[in-house]
Ligand SMILES: Nc1ncnc2c1ncn2[C@@H]1O[C@H](COP(=O)(O)OP(=O)(O)OP(=O)(O)O)[C@@H](O)[C@H]1O
Ligand SMILES: CC(C)(CO)[C@@H](O)C(=O)[O-]
Ligand code: BAL
């Protein structure tokens, strides 16, 4: 199977997926929630580099949304998504219905360790990573990939999935792909579509605040708390409501000591903030 020689197939059931993948090399897998943009397409291009049929899933996973979040509003744009995927050499789009993926209420769940999953995104979206791990585990069982590609834009999600795959000894290589940005630096995100024109102009302030944080990472004349407070203030003054803007160690997403800041410990500036009704996340390694 190869995207160039065979037409892309759009598959909605597990039985059809298993039949399509029988006698094929194990696929390379890109899980998504659809409403695709150039960031997703870069993951498909990365997937193609690994050989084997490329499977992209499109599924808006109710389990990872809190009741007040945007599950109902989340854009479902399957036809447009398929039109974008076909020229990228995607072989199979797996777009199951909720009933297909969750024929019964999903009472068995995959709970990642609180030390990682209750921080940052998990603190502001309780249960989020259990929802993510549960659906990703299930999608992995459906697709049985040799490689799975995830975006570094969802930095903590990538670490949580890497930990899950390692601890369950799943025979899958998890590959992280760099964040694709708009010309002004805004990380591409499906939720950017919620921004009004004025908000879209302001949206750059999130990556600017992260750059400022990253810039101060090694300068311990400013404490971590002072650095983070300044970034928070800068973003608030532009009309944002930050959930967090923080400098963390890449290894475990905990705060670095001043000694580690000076000694060159690999760090990452991470942020999540709301602009009007839209909540965006971004990060920058430093
Ligand atoms: N700008 C980007 N560059 C690279 N990968 C991305 C980018 N945005 C999302 N991804 C990755 O695409 C995969 C599917 O993500 P998803 O469908 O949730 O898109 P999203 O744009 O992150 O949506 P949302 O706005 O809902 O967070 C994830 O692995 C995610 O990290
Ligand atoms: C990995 C994922 C597809 C699971 O629903 C989702 O969290 C996403 O799109 O990043
Ligand atoms: N890309 C992360 C999926 C979510 O926010 O639900």
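Cβ atoms are placed via backbone N, Cα and C, with glycine included.
Within the same chain, residues at least 6 positions away in sequence whose Cβ sits under 8 Å from that of residue 39 (ATP binding site) are 151, 153, 179, 180, 187, 188, 189. As annotated by TrEMBL, ATP binding site applies to 33-40, 151-154, 180, 188-191.
Here residue 40 (active site, proton donor) comes close to 30, 32, 56, 84, 151: these same-chain residues lie at least six apart in sequence, with C-beta atoms under 8 angstroms from its C-beta. Residues annotated as active site, proton donor in TrEMBL: 40.
Taking the Cβ of residue 157 ((R)-pantoate binding site) as centre and 10 Å as the limit, one finds 22 other Cβ atoms among all the protein chains shown. The (R)-pantoate binding site feature in TrEMBL is assigned to 64, 157.
Residues within less than 8 Å, Cβ to Cβ, of residue 64 ((R)-pantoate binding site) and separated from it by at least 6 positions along the same chain comprise 125, 127, 128, 129, 131, 132, 135. Under the heading beta-alanine binding site, TrEMBL lists 64.
Screening the binding-site residues 33, 36, 39, 180, 190 for a C-beta under 6 A from any atom of ligand 2 leaves 33. Distance between Cα atoms for residue 36 (ATP binding site) and residue 157 ((R)-pantoate binding site): 18 Å, as a whole number. Cα-Cα distance from residue 33 (ATP binding site) to residue 157 ((R)-pantoate binding site): 14 Å (rounded to the nearest whole number). Counting only the Cα atoms, the space from residue 157 ((R)-pantoate binding site) to residue 190 (ATP binding site) is about 16 angstrom.
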